[in-house]
Amino acid sequence: MKQHQQTSIANIKGIGPETEKTLNELGIYDISDLLNYFPYRYDDYELRDLEEVKHDERVTVEGKVHSEPSLTYYGKKRNRLTFRLLVGHYLITAVCFNRPYLKKKLSLGSVVTVSGKWDKHRQTISVQELKNGPHQEDKSIEPVYSVKENVTVKMMRRFIQQALTQYADSLPDPLPEKLRKSYKLPDYYQALKAMHQPETREALKLARRRFVYEEFLLFQLKMQAFRKAEREQTQGIRQRFSNEELMRFIKSLPFPLTNAQSRVLREITADMSSPYRMNRLLQGDVGSGKTAVAAIALYAAILSGYQGALMVPTEILAEQHADSLVSLFEKWDVSVALLTSSVKGKRRKELLERLAAGEIDILVGTHALIQDEVEFKALSLVITDEQHRFGVEQRKKLRNKGQDPDVLFMTATPIPRTLAITVFGEMDVSVIDEMPAGRKRIETYWVKHDMLDRILAFVEKELKQGRQAYIICPLIEESDKLDVQNAIDVYNMLSDIFRGKWNVGLMHGKLHSDEKDQVMREFSANHCQILVSTTVVEVGVNVPNATIMVIYDADRFGLSQLHQLRGRVGRGEHQSFCILMADPKSETGKERMRIMSETNDGFELSEKDLELRGPGDFFGKKQSGMPEFKVADMVHDYRALETARQDAANLVASDAFWKEPEYAVLRDELLKSGVMDGEKLS
């Protein structure tokens, strides 16, 4: 069976050296690659009732020409041909762009078959193909492949047809019969045939469902097997602490815990008291109380006789966290120390000696914590805040400071559940999805750029009451390519307008980290009242006095990033405001502004952002670790993702999966991916 799987594509008639080279560039090397090279779209020539067709979907209809065609020219070579078409009892508009010759083919009352994109709102079809006469039954659903250079779509169809005939029915099916039957999925051969040569929409739908599930299952199996291997290979620290002592500390806090904080805390302390190493992601919106949860977890480590570490991305954030922890542990005989690059000389030497002697219970700091000379006596808990801001190697180095300490990653970036279980699938995920009572909602408004004078008047009104403001711009300097505001121009403009009244600061990514810290210190101390910045303040410090956030060209940002920026205000007792300045051209841009104005819930926004931008853009283009699926879509197929995750967990935990022949193909996939070694899989 495997021989066919790895048979070279050169065995297919018509594939010579040049064609083989082109196919290799498309990632097609053997028969298996060829058969799993699925169409990127299907041209559906099957007649359908327009009532069933979704907006923007491609459709084929047969109808009578109901009006004389009208040809309109605009520009030198551009034109539009429009006519009315009676399809059953629907009277719709058909539009053809830049094909004036079609006018001669159309006559009032004649029957035509048209295919194109359906605009449900305008009851208009944008014609891509038009043929005189009734619909031809022999052409229903045609696959369209992504091709290049000397390989055409027709050639690709021919190559795949040969592969289906000669090899497909002898290839091993990755999905065991038991799983296929439980979800009523077709076998491998049937599914391949339906993907490449669908006879009906229903057959195609079923085949797609099978491959969606298969892709998700394989991915989740790798994740679950990785977790299993980690647990078996790394013996964690079983932390033993008194629940009564921990409850005494919790009751001493100046605020009651929310139900969500209590739930998350139970998950974390259960991990800490187990013999396995904790590897958990803690998600919580800005202001949801992650720091309090972190403090309680750190205290549990101290009660167990160990030390804890908290690593954050910036020096000023480290200082604020350290101050906050010192305040919380004031009456509890807990030693908190701060280590950043600013701690030098004798002070640094003394701190490191105390740390190695076990005299420091909690060490807070930046990447300075991972330097070689930093040694703990007994580190059992590592917490990193805004974990995606650190590289994998940095996180690994900190983890290696102890004997497999428990690790908790915290992020204020609300990550949709579908992405969290995919991108962070090897971790357990905890979510604080509830805000503390009494927290004021940030009022958010979407305005056009021509309202700048009114906005600045509103900003000044707030400044006169002793408040401060952030002004965010998408760029640092002027750009020829983008017509958007830049921070330097806005800084110069505001410095002129408010000269002698208010101090204006400037922060952007080109500043050295020391310079950024200095600017933020001045803003925190209210030495400057207006801070003009790029998105470098997205994850920043706590300035309770800042109550206004003005974002220029807000439609340039995704919802999640806008929400992170908005989270810089609303941290004190005063009412806060976020003003989105934007003149969006696209419907998606307008939709983003509307959603931002209506909701303050970060998780709801992150789900919407995922829908509008897609998974690839959610973390930014350069984000590594995002899996690429051929068929599956994490947003639209999230139910299948959940099912596959549960099935993968059950399989990996069962003896049958590692021994029974029916799971051999799935085990081979794990072996190929390098997640498990051959000994375990044999």
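The chain as shown is numbered from 1 upward.
Cβ atoms here come from the backbone N, Cα and C positions, even for glycine.
Range 385-388 is the one annotated as motif 'DEAH box', of 137-140, 385-388, 585-588, 677-680 (source: Swiss-Prot). Residues near Gly284 (ATP binding site) in space but far in sequence (CB under 8 A, at least 6 apart, same chain), listed by position: Ala260, Val264, Lys290, Val293, Met410, Thr411, Ala412, Val431, Ile432, Asp433. Long-range Cβ contacts of Val286 (ATP binding site) within its own chain (separation 6+, distance under 8 Å): Ala412, Gln564, Gly567, Gly570, Gly602. Taking the Cβ of Lys290 (ATP binding site) as centre and 10 Å as the limit, one finds 23 other Cβ atoms among all the protein chains shown. Within the group of binding-site residues (Gly287, Gly289), the Cβ with the highest number of other Cβ atoms inside 10 Å belongs to Gly289. When DSSP labels each residue, the region 'Wedge domain' (46-139) comes out as 9 helix, 50 strand, 35 coil, counted as helix, strand and coil in that order. Ranking the binding-site residues Ser288, Thr291 by how many Cβ atoms sit within 10 Å of each one's Cβ puts Ser288 at the top.
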